[in-house]
Amino acid sequence: MNFHTEEPIHVQLAGVEKWYNELNVLKGMDLQAERGEFIAVVGKSGCGKSTLLRLVAGLEQSSSGFIYMDQKPLKSLNKHARIMFQDGRLLPWKRVIDNIRIGLPGEWKGKATEALENVGLGDKKKEWPNNLSGGQRQRVALARALVHDPELLLLDEPLGALDAFTRMEMQGLIESLWQQKKFTSILVTHDVEEAVALADRVILIESGMIMMNQEIPLARPRQRTQPAFSMYLEMIMDRIMNRMPKKNYIVEQNYQMS
Amino acid sequence: MDRIKGSMKQIVPWVVPFLLLICWQVFSWMGIIPEKILPAPSDVFQAGLSLLGTGELYEHVSISLWRALAGFLIGGVIGFLFGLFNGISKYSDLLFDTSIQMLRNIPHLALIPLVILWFGIDETSKIFLVALGVMFPVYINTYHGIKSVDKKLIEMGRAYGLKGKSLFFSVIFPGALSSILVGIRFSLGVMWLTLIVAETISTDSGIGYMAMNAREFMQMDVIVLSIVIYALFGKLSDMIARYFEKKLLHWNT
């Protein structure tokens, strides 16, 4: 993917700050995402990455600075975006299909069924969420977010509570749906490997500031065993842990693997 | 517990009451329990049949049921609405909650002398007392239920475009429902209790009146019959409440 074309900027943060009383969670954050780009935001707990996502979703308002969607400032709930939460937040008193149709106007049946089939749970329509496994619940939550055909998908550590195997499966699913539907995506995660596997660009946040903005120009689907993958992974990890680089990274701006 | 079969599960809880009943009957026959202290179950049953024959029983039971139901509906609706508004709106909460909590701490049965002076001993006084007793448990549990709906689910609903009515019916009300039903079940108990006391003290009809009237003529069997009827209605209303709980909360299994 080439980032230097005239593609319009889809999401833009300009000097965004967030204060909770005396606590400065985000400190003058500038960030741009192009249409269709997959951005991963990593950082230690409490660095402000989830707050960033909630601001873009419009669930909270920034203390100063602006968030623009297609150059228009965001003032309330972001109608172009859908957010998927770590704990799924399915309504336990609604069956799977009725959870997916939440907020869908008009003719919903076909859309909801299709969304459920897209995440491979076409046969669970009538189940109660409590009877599903953790991975299945997150699939339903993903279907519920995507049924609205959002231009922007916000993922708040969506796979954090899943076991390693289910997580890999879900990463594949998210990647393929993203390639298919071409929505812009911002993924908040504490799993750097997940970030490198999925994102076009990895942002590292430390105490409310962007400390690293690293493109990952690897071809998809990405093999985690390939040397370039490990190199990016190590580079970001070193930066997070404040380790001195052990060796010289073979960093080239247009590094390509196929 | 899993090994106990379905039909056994239905029968076992009734074994102890049934055995007690048989013992009671046998001891009465043998004269161990004097008739003046406690009549035999068969006598109570006989009394029930004869009162049923004269139509007296039907009259008393239906008037009691009517009082219970009317009081429950009035008190329940008022308690529910206050619980709802105070749970949802901060302003309403600020304005009313403290006053309601103060009123709640007055034992409503203590108002009986006052209520008799206000309304006399006719229907109004009994329905008023039942409504007053029922109102508070419904209020507290509705209020608490709405206050304790998972904030994360409400946020999810808002993020997915729900607001106002749709947010209430999709998220807030179903989230509060189990607590509301607990309040209703509890208030059914209060309903019978209040009615029993109100009917024994001041009335000219109803099951409580039947019992008090029987006392004047030393009709032990009728007194016990009244108690049994109260017990049966109490059990019945609890079963109905449980049925609705099961039906409305079937996702929670």
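Including glycine, each Cβ sits where the backbone N, Cα and C put it.
Just so you know, TrEMBL annotations never went through curation; they're auto-generated.
Residues or ranges marked as transmembrane segment in TrEMBL: B:12-32, B:65-85, B:105-121, B:127-146, B:167-197, B:217-237. Marked as domain 'ABC transmembrane type-1' by TrEMBL: B:61-241.
Between the transmembrane segment (B:167-197) and the transmembrane segment (B:12-32) there are fewer than 3 Cβ pairs closer than 8 Å, counting only pairs 6 or more residues apart in sequence, which means the two stretches are not in contact. Scored on C-beta pairs under 8 angstroms, the neighbour of the transmembrane segment (B:127-146) with the top count among B:12-32, B:65-85, B:105-121, B:217-237 is B:65-85. Residues 35-39, 43-44, 46-48, 51, 61, 65, 68, 188-189, 191-192, 196, 207-208, 210-211 of the same chain, all 6+ positions outside the transmembrane segment (B:217-237), place their C-beta atoms under 8 angstroms from a C-beta of that stretch.
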